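A.B. asks: The following block contains the structure, expressed as structure tokens.
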Amino acid sequence: MSYNILVISSTSMLGGNVIWFRHGLRLHDNPSLHSALEDPSAPFFPIFIFDGETAGTKMVGYNRMRYLLEALNDLDQQFRKYGGKLLMIKGRPDLIFRRLWEEFGIRTLCFEQDCEPIWRPRDASVRALCRDIGVSCREHVAHTLWNPDTVIKANGGIPPLTYQMFLHTVEIIGNPPRPVDDVDLNGVNFGSLPESFYREFTVFDKAPKPEDLGVFLENEDIRMIRWVGGETAALKQMQERLAVEYETFCRGSYLPTHGNPDLLGPPISLSPALRFGCLSVRRFYWSLQDLFQQVHQGRLASTQFITGQLIWREYFYTMSVNNPNYAQMSGNPICLDIPWKEPENDELQRWKEGRTGFPFVDAAMRQLRTEGWLHHVVRNTVASFLTRGTLWLSWEHGLQHFLKYLLDADWSVCAGNWMWVSSSAFEALLDSGECACPVRLGRRLEPSGHYVRRYVPELARMPGEYIYEPWRAPIEVQEAAGCIIGRDYPAPVVDHTAAAARNRANMQELRRLLEKAPPHCCPSSEDEVRQFMWLGDDSQPELTTT
């Protein structure tokens, strides 16, 4: 790693303003950037700090870290066009800002709000420092459409327990703000770090590699889909997505992959870019609304379609704001205390590694580890399999795994999804008694079997009729396919049908013991459930794995 040592006299650069990038890794629609550049003649310090927490770097796999570093490199390259650079430093934010104040007398620190409670201690320590040294600390809301604190206040001081209550509350508040204008970086006085910083902290002259931060590729890199981080790629992807939405709007449809998800084509989701803030959620939301207005001379409803997916994101953020235990069962007031069993033998590890013996589940889990991505409907499948559907293991295991590997996993939304799918919250009391069958779901969602063959190469030559239940294939078929079940590919970790029956009984008994739902989040209608879970009409019978 090369380090660029610049010696600058502190007396030559008094004052200065800082923008602290955490999420919000972009220049467009960035109120904090506007605030930090109010006086373009003052020294300007754009900073990202590797503190082990920022942007999810505490629990991070290779793909997530690479995406983050590509986003930082993109920011750095944009600043360099104007004679500056993104200052990337490893250390504690409060110590770094104190040293900037001691060297330059910085006057203003600007940053985008991270509303989730997991960031609160970090931000509180920085605010306390700013009070002590007399630095103006400015926080701006731009990672969410609405300020979650405003939503809670408008709902009487408590978060809306149902999605419909949330919609009603934000309707009272009014439309989310439109994006702010782009900044002009011409003539900006970029600040540089003194030599002392290179002695006291690790300062990167350019965006590091994941390996430089102790994050390594865990297995052979066999990605079929390559995600690229950064604002430049995100804005290009948004335009491509808007072109897809325009076509569907013209056809009278509003969510291209909802009814028949394409598990094999290039993904059109922007959720990784939204999660890291490479793309402004307000820019995307209002681009969709303006496009719909152009096609239909009306407003795209918040209760459904693509804007509905963005509103769910808002809802989960708001639900987590005042709940530091939101991502766990213990001490979490909105989560049912379901008595999950402890993992037996290697079943949890087999789920994580894609060795359950259920090809559809295994293909998904391998895609997750190699690419950092899963289609929403597939996420629901593997989450149900881990929890109430088959293995009856706590959703906390799944959440930790997803937070490490999913590119778009953020604390609030990911935990909210896991609680919902496991019947722990966000649904009527233990009401999802039917357990999704991984054989039937695979056949319905991707009947060709190519998805399995792509990610589970052991089964590449297995005939289509057996691709989702290879244990049923006669031994001569297994031999011809070069895949003996139990040797080349594992037998099912459990009998799904028997496990599903036990789990249904467990949920019925729990429901009887609880008698009525304690105060917890739940949907407002069956349509809402089907919308969230991306369920289609499916009346095929269960298939046994014995």
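Cβ coordinates come from backbone N, Cα and C, glycine included.
Summarising the annotation, TrEMBL assigns domain 'Photolyase/cryptochrome alpha/beta' to 15-145. Under the heading FAD binding site, TrEMBL lists Y254, Q309, L310, I311, W312, R313, E314, Y315, F316, D408, A409, D410. The annotation site 'Electron transfer via tryptophanyl radical' is assigned in TrEMBL to W340, W395, W418.
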A.B. asks: To the nearest whole angstrom, state the Cα distance for the pair F316 (FAD binding site) and W340 (site 'Electron transfer via tryptophanyl radical').
C.D. replies: 23
A.B. asks: How many whole Å apart are the CA atoms of A409 (FAD binding site) and W418 (site 'Electron transfer via tryptophanyl radical')?
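C.D. replies: It is 11 Å, counting Cα to Cα.
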A.B. asks: Return the residues near E314 (FAD binding site) by Cβ distance under 8 Å, restricted to its own chain and a separation of at least 6 in sequence.
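C.D. replies: Listed in sequence order, they are T144, L145, W146, P148, V151, F166, V170.
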A.B. asks: What Cα-Cα separation, expressed in whole Å, is found between W395 (site 'Electron transfer via tryptophanyl radical') and W418 (site 'Electron transfer via tryptophanyl radical')?
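C.D. replies: With the alpha carbons as reference points, the distance is 6 Å.
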A.B. asks: Which has the fewest other Cβ atoms within 10 Å: F316, W340, W418, the recorded positions listed?
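C.D. replies: Counting other Cβ atoms within 10 Å of each of the recorded positions F316, W340, W418, the minimum falls on W340.
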A.B. asks: In whole Å, how far does the CA atom of W418 (site 'Electron transfer via tryptophanyl radical') lie from that of L310 (FAD binding site)?
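C.D. replies: About 17 Å separate the Cα atoms of these two residues.
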A.B. asks: Can you name the residues of this chain that are 6 or more positions from L310 (FAD binding site) yet have a C-beta less than 8 Å from its C-beta?
C.D. replies: L145, V281, F284, Y285
A.B. asks: Across all the protein chains here, work out how many other Cβ atoms are within 10 Å of the Cβ of W395 (site 'Electron transfer via tryptophanyl radical').
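C.D. replies: There are 28 of them.
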